[in-house]
Amino acid sequence: MDCPLRQELQSSLHQVEKLLLAQEASYQQSLRSLRKRLSTLQNSGTVTVKHTTKGHNATCPKPESLAYGRRLGRVFGVGHEVHFVCKAGYELLGPQTRVCLASLKWSGQQPTCRVLNTVTNIPAALPTTSYLYPSSLSTSSSSISTSSPSSAPLSAFVRPSRCTQFQGSSHCICDAGFTISGRDSNICTDMDECQLFPLAQPGRLCMHTCINTPGSYHCVCPHGYNLTRDNRSCKDIDECESRLHNCTQDQECVNTYGGFQCVQVACPRIKNATYIKTSPMRCERNPCMVGDKACSQAPNSVSFHFLPVVSNMSAPRVLFRVSAARVLGDTLRFGLLGSHGRSHFSMQRSGRQTGTLLLVSPVQGPATLEAEVEMSELERQALLGRYLTKVTLFVSPYGF
């Protein structure tokens, strides 16, 4: 985690701790004030005071002990909660939390702990100390991920607090990543960092998916990416360079963001014109017969370019430039051919011998767009040559 993000997280946690301490102090002050008033009214001997005092002191019976587990919570007043956790190797059957009702009875049934036969909720490829949520993926600019129901035992997200007594008052603290639960200062519950710092907000914890774990969190990248050293960013895996693709010998591997594409470059078939492949991505026309107009009007060369881009890339943006190495005629013209995906592109002249292909609107991935750029060379309005460049955009599903 980089320093600014760590400082921001620590500052937020300190603010939460201050707020909880302030609320605890206010609650203790109010409780002392209420007890003082009740004591004054009780001394006056009124019936109302006796009824109020009885209601104030009313408690539920002490819950039964939990075999092979623990009961968390030592306050049994109306509205208070007790929590139950099982020892390692056992699972909880019944409610994890019971509340003292106004009828002075506990909600729900008394839970029990049952021996686990096998552990099936921890992926085999992960250490047994890891707790994972099933990842839930959706998109904002690329993807928004929220914490999902955990496959870790529920008891892992609830722990007893550590309390100290000083001058008649109790001060309780929790382990890192946990916070005091409700009115019972003896119980700590996990702080969901993924909810506190959602993906779409500044200072987000993870570039892609944030998974909450007991007392912490970790980041996960989509297939085709690796988690970087900062443990929050995602870096594309170049399957072509690392030979993780399945392209055949007559195909070219094109790395994309989050994957790869196997493309096969074939020279065009045009009546009266033949082409030869002079490089993996270029075809050139063979010389034409004298007077063969159909052949002479066919493109002199056809080049192929494959561009990987991220989803929702800002626009307008320069994608590709076409230039003439030398000019024989007096005029160069640049234009777009075809109609597939043409609404996303524009062709502009950026120099005497250069044309620029622009992306004029963002594209939501995954998608594949194609543009055909034509450069024509003329001499006194007579066509000297045509040069075709086919540009294919592979748009990733993600914005990174």
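Glycine is treated like the rest: Cβ placed from N, Cα and C.
The feature domain 'Sushi' is assigned by TrEMBL to 58-115. Along the domain 'Sushi' (58-115), the predicted structure has mean pLDDT 84.
The disulfide bond annotation in TrEMBL covers C86-C113.
The domain 'EGF-like' annotation in TrEMBL covers 190-231.
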Sparsest-packed among the disulfide-bonded residues, when each Cβ's other Cβ atoms within 10 Å are tallied, from C86, C113:
C113
What are the DSSP helix/strand/coil residue counts across the domain 'EGF-like' (190-231)?
4 helix, 14 strand, 24 coil
